[in-house]
Amino acid sequence: MSALLENSALLWKYLLFWPPLLDGDLVIGGIFSFRTGFKQPDILLYTLFYYPSLNSREFKFAQTMIFAINEINNNPGMLPDVKLGYKIYDNCGTIDILRAALALVSGLKGEVSDGNCTKAETVHAILGHSGSRPTIAFQQVVGRFHIPVISHFATCACLSNRREYPTFFRTIPSDYYQSRALAKMVRQFGWTWIGAVAVDNEYGRNGVAAFVQNAQEFGVCIEYSEAFSSSGPPDNLQRIIEIIKHSTSKVILAFMSHREIKLLAAELYRHNVKGLQWVGSDAWITDHSLTDSEGHSILVGSLGFVVSRAHIQGQFVREYWEDVFNCTLNETGKSQRKPCSGSESLQNTDLEFTDVSELRFTNNVYKSVYAVAHALDSLIKCDVNGKGPFSNWSCADVQHIKPWQVLQYLSTVNFTTEEGERVYFDSNGDSPAKYELVNLQMNNKGAIDGVTVGIYDASLPERHQFIMNNIPVVWGNGLNEVPASVCSESCLPGARKVLQKGRPVCCYDCIPCPAGEISNLTDSIHCLKCPPEYWSNNKRDACIPKVIEFLAYDELLGTLLALFSLMGVFLTMITTIIFYCHKETPLVRANNSELSFLLLFSLTLCFLCSLTFIGRPSEWSCMLRHTAFGITFVLCISCVLGKTIVVLMAFRATLPGSNVMKWFGTTQQRLSVLTFTLIQVLICTLWLTINPPFPFKNMSHYKEKIILECALGSAVGFWAVLGYIGLLAVLCFVLAFLARKLPDNFNEAKFITFSMLIFCAVWITFIPAYVSSPGKFTVAVEIFAILASSYGLLICIFLQKCLIILFRPEQNTKKHMMGKKI
């Protein structure tokens, strides 16, 4: 016979005679289910008897209740002169559990006479049951009699409803906190796309509903949510298997008991469905019976929250110890067995019942008993001097304590266990939520162990509630990295999420941010516009300062314009030198040398003023460029106008009896140039005084860059300056046009006409080009107009004269200048 069957026989031998009842002054009831069916053994333990299938965890719960009550009875500091008793029912199935609860409420104890009269002894509190469904069933009945019910394992959040379950308490946190912890854990690992399977009862449905509510808060989506029962039709389970096989999520939340998870795991194993990451509820995640189920390897790597492990000092079954090791612990009593040596160890028995290393839910039973004991102790020690909790500040009659009185004291229980754990109940009868995160790992013996890899404490600040320790986690996919379970891959910075029509919020497309907008977070739902002076980079994940554009010297266009400007200055200076060196020659003297030199000076200023348009605009450069341009060009045109008038007057002076030259001599010429120029100076002065040009960052023309330009300030002032230049140019052109038919000796008018024609053509073309040119090209157009008109005047008026002076000196004579007689 195997060692396992031998130990099982010893255990059932003990169970057949263990005490389910203990008389006492105050009685606590208990309902557990450790006989959960019938199982045929390999050999017959008892004649004509098939022993029930044992749930050793439930048996430990019952034994812990007995142990705690005995410990309290032996403690003189608690409930002095009062003996606690117990009534424990071992029932499975909701109907049988309900009968047990009614028996505890009715208090039927036994016959007291030959008649049918019985003695009633109602319990003062009921411990149990482990399941939420049977607890819900009998709590609705027991609650009508105001008897407190304290569960160590019923976690359904629905039991927190004080209106429906006013007498319910529990020493295990509500599924609300478990569901929230599970949702936070799922989000912590980046699983935003999961499936959910639950047991088809209040526990499963309410647990999944609470999880879904919390999961949505953390951005987790549910691909499917299904439920089945171990007693339901097989087709329902097969349908769920097909859903899992065709789903895209790799993480499954299983909110069910150990019975359902074993059925589900076995069926998936038969269909060769592997590599899933399971997230389990506390009802099965640490159940030792998982190792015995088919396909339990599928569950390796599962994660789930359970109440913290604890140690209950001194808890064991005396009789079971003596039977296992065939020795006696009573050294003084007579026994046919030898005394126990103390070297015996239950570690070698390899039975779940003997495993006291992980008393998680067992400790809840222990706390439940002590909670009732503390409530009774406070009730008995009530201060009768007007400080009682009942009507007229009275205390309870200790000789006739009622369950409803215990209920009132139980609501205010607050004590600390020897392990340092604080025990109290909130207004809903719930205990504080503190869990350990357990990872199912395979040990060397091929069994599944629950290894603590983290904690969750709801009493801590939100940021510090979930903490992982440094113990390696075994994942369901068999790899050393966290499995991925998402509907859509995360959108990297630079893109935003756009929901897919008709699908959950976790299913989306990643759309790149448009130009000028960024997203610097993963899975951003919006693209943020950059500040006005910033623009998005190529990756669209950061705003960078916009490129500031202006016509600079170090770029090709600016360099070319500057070179042409300096070349114009150079040519003008060469022309001036030529004219100065030959100022006494007839050609220079005949062309009004004073106005010629003034014109050359003004042309030099015109070429130089174009340089003020190149470079970074500043306050002074903006005011200088337009005013210098306006004044120098008026000076230039005034000189040309003066030369044109001189030509006309000189021709008139050759006529007999004409003395017109005395009306437009040298003095008049100077005054005319000065007058025309002063008018422009006055216009520029008013412009600079009223609303001068200023540097301006133009961000409307280009979105991706800033055009640094000179704003006109007053548009009227700018167009007044140009208009005045244009007026003088037109006047000069008309006069030169009228003098175009003069004799060849006086062909100066032809060159002036041609130069003014170029000048006017350039500036008429300038206006539409200036208005339509973008950015720095606006400045380039203006510089081009200045240079083109300046070169036109320089070449048309002075080129031929310089050629004659340098290469045809025979034409630079007075005789040649006088020409033929008229």
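Any Cβ shown, glycine's included, is placed from N, Cα and C.
TrEMBL labels come from automatic prediction, so no person has curated them.
Straight from TrEMBL, the features:
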- 557-821: domain 'G-protein coupled receptors family 3 profile' (DOMAIN)
- 1-24: signal peptide (SIGNAL)
- 556-581: transmembrane segment (TRANSMEM)
- 593-615: transmembrane segment (TRANSMEM)
- 627-651: transmembrane segment (TRANSMEM)
- 671-690: transmembrane segment (TRANSMEM)
- 718-739: transmembrane segment (TRANSMEM)
- 751-771: transmembrane segment (TRANSMEM)
- 783-807: transmembrane segment (TRANSMEM)
Average pLDDT across the domain 'G-protein coupled receptors family 3 profile' (557-821), rounded to a whole number: 80
Within-chain partners of the transmembrane segment (718-739) [C-beta distance under 8 Å, separation at least 6 from its ends]: 626-627, 629-630, 633-634, 637-638, 640-641, 644-645, 647-648, 651, 676, 679-680, 683-684, 687, 693, 712, 746, 749-750, 752-753, 756-757, 759-760, 763
Region pair the transmembrane segment (627-651) / the transmembrane segment (556-581), three or more CB pairs under 8 Å: no
Distant-in-sequence neighbours of the transmembrane segment (593-615), which means Cβ under 8 A and at least six residues beyond its ends: 550-553, 558, 561-562, 565-566, 568-569, 572-573, 575-576, 579-580, 583, 621, 624-625, 628-629, 632-633, 635-636, 639-640, 642-643, 646, 666, 669-670, 673, 779, 782-783, 786-787, 789-790, 793-794, 797-798
